[in-house]
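Per Swiss-Prot, the features are:
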- C112-C124: disulfide bond (DISULFID)
- C273-C306: disulfide bond (DISULFID)
- 100-137: domain 'LRRNT' (DOMAIN)
- S98: O-linked glycosylation site (CARBOHYD)
- N296: N-linked glycosylation site (CARBOHYD)
- 138-159: repeat 'LRR 1' (REPEAT)
- 162-183: repeat 'LRR 2' (REPEAT)
- 186-207: repeat 'LRR 3' (REPEAT)
- 232-252: repeat 'LRR 4' (REPEAT)
- 253-274: repeat 'LRR 5' (REPEAT)
- 284-304: repeat 'LRR 6' (REPEAT)
- 1-23: signal peptide (SIGNAL)
Amino acid sequence: MKTFVNIFLGFFIFESVGAVPITDTVTYDSEFYDVSLGELPHPFVSAENDQSDQVETEIGTAIPSIIQESYSSAPLTEEPEEEASTPKLIDGSSAQGSGVLVPQTQDGLPTCLLCTCLGTTVYCDDRELDAVPPLPKNTMYFYSRYNRIRKINKNDFANLNNLKRIDLTANLISEIHEDAFRRLPQLLELVLRDNRIRQLPELPSTLTLIDISNNRLGRKGIRNEAFKDLHELQHLYITDNNLDHVPLPLPESLQALHLQNNNIQEMHEDTFCKMRDFSYVRRALEDIRLDGNPINLSKTPYAYMCLPRLPVGNLI
């Protein structure tokens, strides 16, 4: 009996399994990677279905949403590439411009392209310039050495209220306007050596250093009391000129006076000291150079009594 039952159950299970419909499964194929989802074959679509249009509509609306969740990814967003930062030239003619590139030379070039501008310093050395170029208003230090500048005009340094140093070494300067430097409120150092200057103009009282060596200054080249009101002056260099006297009076602040290689022939006892005040000591003036002049310093010993050091020069 048990054998009959087992045979019956086995036959029933075999028939049930054979009755289950076999369906094709959809597997991922790289060929369909670039095909739109709407073109993929759907397992439930029958070629013999009379309502194919309706089925295609349902496939295009409902089914792809499921497939998209499995295979599609969020669209890639390209991050904007950072452009390389390039220094921009500021047009000083605009309201926001700093004025650095506004001044132009006679050739029509901005000064800071012809010369070298580093911060508030302008270097125009050895540029074959025949005139002082227009300078940015914030210029503090100006160097124009080894050029061909012949004349300093009244307005060459006009409105440069921050200018502290001017160096015009080794040019061909023979003429300087009387007011070329006088109105510079912060000028500290003026270097005019190795030129052809015959007359020293009026100078601002703020100067601490003056170098007019190797020029053509004679008896009338420096006016009387030219340095009297320069109360901050510390260094005065007038070597290699044609002076026949020491320019007086000299400010009390003076520390170094170089007058080598001139034509100074005499020295007064009150040139450096106060003959009526034997207690007077001129402590600041420690460096006096008179060598290269036709003068015998030993003839005027009382002229140096107030000095901390004797001048350098001929004693015979």
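Quick reminder: no glycine exception, Cβ is built from N, Cα and C everywhere.
Projection of Swiss-Prot feature records onto the structure.
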residue: C112; record: disulfide bond; DSSP (3 states): helix
residue: C124; record: disulfide bond; DSSP (3 states): coil
residue: C273; record: disulfide bond; DSSP (3 states): coil
residue: N296; record: N-linked glycosylation site; DSSP (3 states): coil
residue: C306; record: disulfide bond; DSSP (3 states): coil
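Helix, strand and coil content of the repeat 'LRR 4' (232-252), in residues and according to DSSP, is 0 helix, 3 strand, 18 coil. For C112 (disulfide bond) paired with C273 (disulfide bond), the C-alpha to C-alpha distance reads 49 Å.
Cα to Cα, C273 (disulfide bond) and the residue listed as 'N-linked glycosylation site' are separated by 18 Å. Ranking the recorded positions C112, C124, C273, N296, C306 by C-beta neighbours within 10 Å puts C124 at the top.
Sequence-distant contacts of the repeat 'LRR 1' (138-159) (same chain, six or more residues past either end, CB-CB distance under 8 Å): 98-100, 120-132, 165-181, 183-184. Comparing the residue listed as 'N-linked glycosylation site' with C306 (disulfide bond), their Cα atoms are 19 Å apart once rounded.
Across the fold, the C-alpha of C306 (disulfide bond) and the C-alpha of C124 (disulfide bond) stand 44 Å from each other.
Per DSSP, the repeat 'LRR 1' (138-159) is made up of 0 helix, 5 strand, 17 coil.
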